[in-house]
Amino acid sequence: MNIARHKLIHTGLKVFACDLCEYSTNQKSNLECHRRRHAKDYSFKCEMCDRGFYHRTEYLEHQNAHANKNMYPCEHCCKRYLYKKNLAVHLVTHHADKQATAAMRNARKRHACKFCPEKFIYKRLLERHMKNQHGFADTPTKHLCDLCGAELSSMKQLTVHKRNHTGEKIFECNACDKKFTSKENLTIHKRTHTGDKPHVCPQCGRGFTQRTSLVLHLRYHSGQRPYQCTDCGKRFVSNTLLKRHRKVHDKVTQPKL
């Protein structure tokens, strides 16, 4: 692989743009795959109905649909669908609020009970559950960062947190030598090499390397825009997009020299 092209994966710069639509990506292979959609150049074709597919996973899912008719039921009503994508369209059209809210809630449930399968969005809810269901009433000790005053729930988290202040990066990627402050960040980074996207949108099937990206994506389905510009009222799904938008106003208000 060309090293300069490979580095684009890490920078996030999307220099490969489609000349037929607004799609852009940081990998040439992704652009080539995307262009096949415009040309309808299918990589896989179903022998039973002649339908075309660009990805093997879509093709195999379609084959399963032939073997198992009406295999995708809607969990909110009695509708059933032959294809998962048709179910996804139905969910967005008729149950968008229910589906997005439930998916976001599940995606954010990071605090798992050690004694049963229950998971919770907030740590305090887990602590209440541990007390009421399993008899653990002790409140965990808070570990205070002496550099910024942040409170961490464990010494391990405090150690990782302090690396953000010191810049110490001890976890190194064996594929590109990039380093990270925590093992979790290294794991997320490695997915850029493997292509693994474990966090999947239940509405459209798109995969993401990290949970936070899925949560932001779900806001596009639900229409939630929690970040609002105080100058023009425009709303955004993330604070990053709001900050980028704010630069437009900053340029306008800057005095000309």
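Note that Cβ sites are derived from N, Cα and C of the backbone, with glycine treated the same way.
Keep in mind it's a predicted model, so treat the numbers as computed, not measured.
Per TrEMBL, the feature domain 'C2H2-type' maps to 16-43 (among others). In the predicted model, the domain 'C2H2-type' (16-43) shows an average pLDDT of 76.
Residues or ranges marked as domain 'C2H2-type' by TrEMBL: 44-71 (among others).
The feature domain 'C2H2-type' is assigned by TrEMBL to 72-99 (among others).
Under the heading domain 'C2H2-type', TrEMBL lists 111-134 (among others).
Beyond its flanks by at least six residues, the domain 'C2H2-type' (143-170) meets 123, 179-182 of its own chain at Cβ-Cβ distances under 8 Å. Here TrEMBL flags 143-170 (among others) as domain 'C2H2-type'.
Each residue of the domain 'C2H2-type' (171-198) gets a DSSP state, and the totals for helix, strand and coil are 12 helix, 4 strand, 12 coil. Feature annotation from TrEMBL assigns domain 'C2H2-type' to 171-198 (among others).
Sequence annotations record features per position, and here TrEMBL assigns domain 'C2H2-type' to 199-226 (among others).
Annotated domain 'C2H2-type' per TrEMBL: 227-249 (among others), in sequence order. Here the domain 'C2H2-type' (227-249) has long-range neighbours at 216, 219-220, meaning same-chain residues at least 6 beyond its ends whose C-beta is under 8 angstroms from one of its own.
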